[in-house]
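For reference, Swiss-Prot has these:
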- 115: active site, N6-AMP-lysine intermediate (ACT_SITE)
- 33, 34, 35, 36, 37, 82, 83, 113, 136, 170, 285, 309: NAD(+) binding site (BINDING)
- 403, 406, 421, 426: Zn(2+) binding site (BINDING)
- 583-672: domain 'BRCT' (DOMAIN)
């Protein structure tokens, strides 16, 4: 039986790795997502039951569960040198002349490749298994990012040959993933990445591999650094790398001489804007590997290769108008409407103006002649005004005082750049608000994930959080992948959410600057949500840890007619809007706990809520003042910190005894054991 199980696990590993290669490397999937998911699920279940049969190249081993304290240093077996740059045809011909003089022969050719704008890494394989991956660093010493690199699905964990080899590649973020990531960061009010290269570097150097896995990075392998197998040309090496299972630099061209190489470079430049990934030039490499040894290297760069860098393409055009778009968090963003102009291979008719401060600093006006370029070759932006072409008929732009989508007030805090719509029912931001409303820390509607919300939203069945409570059986049962059982479960979850405490509802409303802690503070100082419609900024500033921004945000939010309408609908649906009289008990008052890892019976937010309802304080960090750390499965660095500080460690069974304690003496006894 055990041999049969082991054989089946091996079959699944090989099969899934094959389909990963077809999907992520060749972009030619042979099975549906559903079929793939079923294979993967079978493998996960078998590995759970038989962990002794987990193979190192199993696709389940790509994402580790532990957060690192830092990255170890790795000394590269072969230095990862940087390339010297040229910027013109003349400089390219000078490179060719120097190389011919150095080699004393014309009997060689070149390979021209894309210069991918990403992060350079070395991948090391022993007997065909991926054992180590490191960043370039200073060329001699890099950082060990093996676990993070395993999350990149186009990196094979096992090669077709059992060979020892070190290869070099460029990790990058595809353009569409970069745009998606920045949209998500904007919605979460996190700093945006300036370009795909920064996004790739920041993603690869995450201490938590799970974050890296979410970022959808990719890689092109472009060089054999060291290999047991004898290879004669770079062209042969690339073909061998592809055979082994690597995703190699695409569309490379073998050129007979430098003239052909320059022609290939110009073709690359013509299509750079149409590529799904970012490039900042082309690389010209000597093809014959033996001659590379003759040419040698300087301390920083090889003499046998050069990077031809492309300048950012800029064009003049007319700014016809400025439109205002409203994002999912309510931020108003000005967009330039342009006379169409071709830049980097595509026609541009709209460009970002970033924000109102940017418009003022650049003195951009409607009717101006402006210079447009593609930021990081992706997002068109207005970079400057051609003041010499001003006629006097240009118009100064002002941000609207009312939301162009829903008509609610637009506000701007003094120390912020952004202008925001305050409307709680604004269609432009309601999708994101609904996702927040149903989330675990808010109304905790189990089973109402992003796909369900998106489906309901696109069908027009929900437009505001209140619409959730109007959903009927017939609305849900016909949704994709929904049946009678899942429909009934979701309706039960929606019904259960009506009984959530008031602080959960306040947090669920998505009020700017009001997190869980502030929502709890508000709920503790009012009798019902109705009190917030008349509360003043002065009264709010008297509350613990309430600042001016928070106070202004609450008052502005609850003065909107849309808010009043939403609360009335929630009340009518039976959602609790009244504060609890008092905490269940103060038996844990004076104690501070930290949670780490996953408890089997309680979510993190549920455990926190229970502890706080008993008077305890729950902290995010461990210190000498921490009473105890409650540890679940797969704990993080907090456990290590607790052990270093000699802080009491409690497990799930201790937690359950603690919250069931009837007296302070019983609590002390548990903590002293």
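Heads up, the Cβ atoms here are built off N, Cα and C, so glycines get one too.
Structural mapping of features recorded in Swiss-Prot.
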residue	record	DSSP (3 states)
35	NAD(+) binding site	helix
83	NAD(+) binding site	coil
115	active site, N6-AMP-lysine intermediate	strand
136	NAD(+) binding site	coil
285	NAD(+) binding site	strand
403	Zn(2+) binding site	coil
421	Zn(2+) binding site	strand
426	Zn(2+) binding site	coil
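Distances between the Cα of residue 83 (NAD(+) binding site) and those of the binding-site residues 403, 421, 426 are shortest for 421.
When the recorded positions 115, 136 are compared by the number of other CB atoms within 10 angstroms of each CB, 136 has the fewest. Secondary structure by DSSP for the domain 'BRCT' (583-672): 35 helix, 17 strand, 38 coil. Each residue in 326, 330, 404, 405, 407, 408, 410, 422, 423, 427, 428, 429 lies on the same chain as 403, 406, 421, 426 and has a C-beta within 8 Å of the C-beta centroid of that Zn(2+) site, without being one of the site residues. When Cα-Cα distances from residue 285 (NAD(+) binding site) are compared across the recorded positions 115, 403, 406, 421, 426, the shortest belongs to 115. Distance noted between the C-alpha atoms of residue 406 (Zn(2+) binding site) and residue 136 (NAD(+) binding site) is 50 Å. Across the fold, the C-alpha of residue 35 (NAD(+) binding site) and the C-alpha of residue 115 (active site, N6-AMP-lysine intermediate) stand 36 Å from each other. In the structure as shown, the Cβ atom of residue 83 (NAD(+) binding site) sits within 10 Å of 18 other Cβ atoms. Cβ neighbour count for residue 406 (Zn(2+) binding site) (all protein chains, 10 Å cutoff from its Cβ): 20. Compared over the binding-site residues 403, 421, 426, the count of CB atoms lying within 10 A of a residue's CB peaks at 421. For the binding-site residues 35, 285, the largest tally of other C-beta atoms within 10 A is found at 285.
Cα of residue 136 (NAD(+) binding site) to Cα of the residue listed as 'active site, N6-AMP-lysine intermediate': a distance of 16 Å.
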